[in-house]
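Working notes for the structure below.
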Amino acid sequence: MMMQQQITGTEHGWWIISNENRIWLPKGELPFGMATQWSLQGKIALPIGEWQGEKVWLIRQKMVSNMVSLRQIVASDRGLFQLAGRGVQLAEFYRSHQYCGYCGNEMHHSVSEWACLCHHCHERYYPQIAPCIIVGIRRDDHILLAQHQHHRGGVYTVLAGFVEVGETLEEAVVREVMEESNIKIRNLRYVASQPWPFPHSLMMAFLADYDSGEIRHDPQELISADWYHYDQLPLIPPHNTIARRLIEDTIVLCRNT
């Protein structure tokens, strides 16, 4: 059962306080401990999981200060970051689904799943999840890295993009790589996936080998793109990200070439 409840003050665990895709990080980290320690008694909370044997609670509220982007804890423990991402996405889902998009009546939270229900027209809404592909591309002992327009700060990463309607994951990889870098790839293989709450993506990761073409990056998407020798890389994404894993997996392949 996924029932909201009013906090009495005796509850203990991790506290995700979120509003408009931002999260409360007092002292720069997720609050942990008794509800009274964080003055949360009387708030309405929803249990959304467990971490290290402790409940994870979601409270949808804007705090006076220390409301920041979830990106601030990307490099923290992967499991905890994933739960925090779930909390932020659920908070935004419930905030944006207060009324039915079909009939305009008030929505109600399901107690058996993450969903909103309309008791008037019986419509049911679920959190939106956007499928994305991300791919590490190797050319001998080099890896293709790009600086994205939305990655200001000098970080270089692998290519990625959203899957379009009626498109397979494999087709999406081939299309995105061609659109963003003008090269063709081969030997495409699936690696892993990672929920990515910016804002509500599911990243599906692949590795591929270079086939043909010269890099010509799309200036609408990328600031630059180039081949980098595996032991002379620029600033890359932090640990616990699927992009970092693809880069590290490609480095291993380069060393074994």
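Cβ from N, Cα, C; glycine included.
Model, not experiment: these values are computed from the prediction.
Feature annotation from Swiss-Prot assigns divalent metal cation 1 binding site to ALA160, GLU180, GLU221. Sequence-distant contacts (6 or more apart, same chain, Cβ under 8 Å) of GLU221 (divalent metal cation 1 binding site) comprise HIS148, GLN149, GLU179, GLU180. Reduced to three states, the DSSP call for GLU221 (divalent metal cation 1 binding site) is coil.
In the three-state DSSP assignment, the secondary structure recorded for GLU180 (divalent metal cation 1 binding site) is helix. Around GLU180 (divalent metal cation 1 binding site), taking its Cβ as the centre, 22 other Cβ atoms fall within 10 Å, counting all chains. Here Swiss-Prot flags GLU176, GLU180, GLU221 as divalent metal cation 3 binding site.
Taking the domain 'Nudix hydrolase' (127-251) as a whole, pLDDT averages 95 in the prediction. According to Swiss-Prot, the feature domain 'Nudix hydrolase' maps to 127-251.
Long-range neighbours of the motif 'Nudix box' (161-182) within the same chain, counting only residues 6 or more positions beyond its ends whose Cβ lies under 8 Å from a Cβ of the stretch, are 130-133, 135, 137, 144, 146, 188, 190, 201, 204, 206, 208, 213-218, 221-222, 225. Annotation comment: Swiss-Prot describes 161-182 as motif 'Nudix box'.
The divalent metal cation 1 site is defined by ALA160, GLU180, GLU221, and by the 8 Å test on Cβ atoms against their centroid, the other residues of the chain that qualify are ALA146, HIS148, LEU159, GLY161, GLU176, GLU179, SER181, ASP218, LEU222.
In this view, ALA160 (divalent metal cation 1 binding site) is surrounded by 24 other Cβ atoms within 10 Å of its Cβ, with every protein chain counted. Within the same chain, the residues at least 6 positions away from GLU176 (divalent metal cation 3 binding site) whose Cβ sits under 8 Å from its Cβ are ILE133, VAL135, LEU159, ALA160, GLY161, listed in sequence order.
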